[in-house]
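Colleague: Structure incoming, see below.
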Amino acid sequence: MGNKKSWDVELNGTVIVPETKAKPRKGEDELEERGQWTNKVEYVLSVAGEIIGLGNVWRFPYLCYKNGGGAFLIPYAIFLFICGIPVFLLETALGQYTSQGGITAWRKICPIFEGIGYASQVIESYLNIYYIVILSWALFYLFNSFSAVLPWSNCNNYWNSEYCVDVLNVSDSGNNTNATSPVIEFWERRTLKITEGLHNLGTVRWELALCLLLAWIICYFCIWKGVKSTGKVGVTLCLVNA
């Protein structure tokens with residue numbers, strides 16, 4: 001009689017235990033809350049955008065030219081098949097198998113490997129800081145291109161030096177070994193405003209700072225809803241680039 005649980009007793013004495021809902025196992029709620037790709041196309045295009053990034057489009061030709069041209073492709077292809085592709089498949093398979101983030105996925109497989117996840121996040125943070133600056137330069141060039149005459153197409157600008165030589169008038173340079181093109185001067189004297197050295201740091205480039213802020217804002221709105229917004233951005237960028 002001391003039991004205070006509400007038990008229903010039928011006339012024949014059978015005790016009816018009230019139904020109780022089973023509690024979800026730990027982690028099931030988190031899995032349900034995680035975003036899902038809308039379709040396979042968005043996933044494939046987003047992964048393709050990650051692979052074909054600034055590192056391959058902008059940096060790879062520079063490294064290829066700097067390290068011997070065609071000879072550089074041989075070790076590159078070897079390490080691509082030995083390291084690059086297996087690591088890529090490992091990263092995608094871990095996310096698909098565990099439905100976890102970069103850190104918790106390793107923790108779920110083997111807690112001792114959790115440090116790999118933290119190291120990957122540190123590397124990604126440094127890469128984001130590195131590549132976001134390049135995006136700010138691209139935005140700066142984009143804004144400067146909205147003019148009837150491109151500012152890097154001639155030497156009639158306030159930042160041009162006396163050594164600037166118009167591409168269309170190369171014959172006017174004579175034998176001047178210090179001649180520079182308007183493209184280089186726009187990059188060094190207008191965009192970056194490079195100083196003589198570390199002893200003269202110069203002033204803050206507010207135009208580039210605003211472009212950098214805009215780049216961060218754009219990146220935020222591209223990923224603020226997780227894979228739902230990332231997939232749409234991936235499809236849009238692929239259509240624009242096509």
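For all residues, glycine too, the Cβ spot is worked out from N, Cα and C.
Note that TrEMBL annotation is computational and uncurated.
Quantities reported herein were computed from a predicted structural model and do not represent experimental measurements.
Pulled the feature table from TrEMBL, pasting it below:
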BINDING   Gly49  Na(+) 2 binding site
BINDING   Asn56  Na(+) 1 binding site
TRANSMEM  70-90  transmembrane segment
TRANSMEM  129-150  transmembrane segment
DISULFID  Cys155-Cys164  disulfide bond
TRANSMEM  206-224  transmembrane segment
Colleague: Excluding the flanking five residues on each side, which residues at least 6 beyond the ends of the transmembrane segment (70-90) place their CB within less than 8 Å of a CB in that stretch?
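Modeller: Answer is 51, 63-64.
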Colleague: Neighbour count, 10 Å Cβ-Cβ cut-off, for the residue listed as 'Na(+) 1 binding site': what number do you get?
Modeller: 10
Colleague: Cα distance, Cys164 (disulfide bond) to Asn56 (Na(+) 1 binding site), nearest Å?
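Modeller: Here the two Cα atoms are 32 Å apart.
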Colleague: Mind giving me a neighbour count for Cys164 (disulfide bond)? Other Cβ atoms within 10 Å of its Cβ, every protein chain shown.
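Modeller: A 10 Å sphere around the Cβ of Cys164 (disulfide bond) contains 20 other Cβ atoms.
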Colleague: Cβ distance under 8 Å to Cys155 (disulfide bond), same chain, sequence separation 6 or more: which residues?
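Modeller: Cys155 (disulfide bond) has long-range Cβ partners Cys164, Val165, Asp166, Pro182, Glu185.
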Colleague: Based on DSSP, name the secondary structure state of Gly49 (Na(+) 2 binding site): helix, strand or coil.
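Modeller: It is helical.
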Colleague: Can you tell me the three-state DSSP label for Cys155 (disulfide bond)?
Modeller: coil
Colleague: If H, G and I count as helix, E and B as strand, and all else as coil, what does DSSP give for the residue listed as 'Na(+) 1 binding site'?
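Modeller: The residue listed as 'Na(+) 1 binding site' sits in a helix per DSSP.
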Colleague: Let me check the 10 A CB neighbour count of Gly49 (Na(+) 2 binding site). How many other CB atoms are there?
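Modeller: Here the count is 16.
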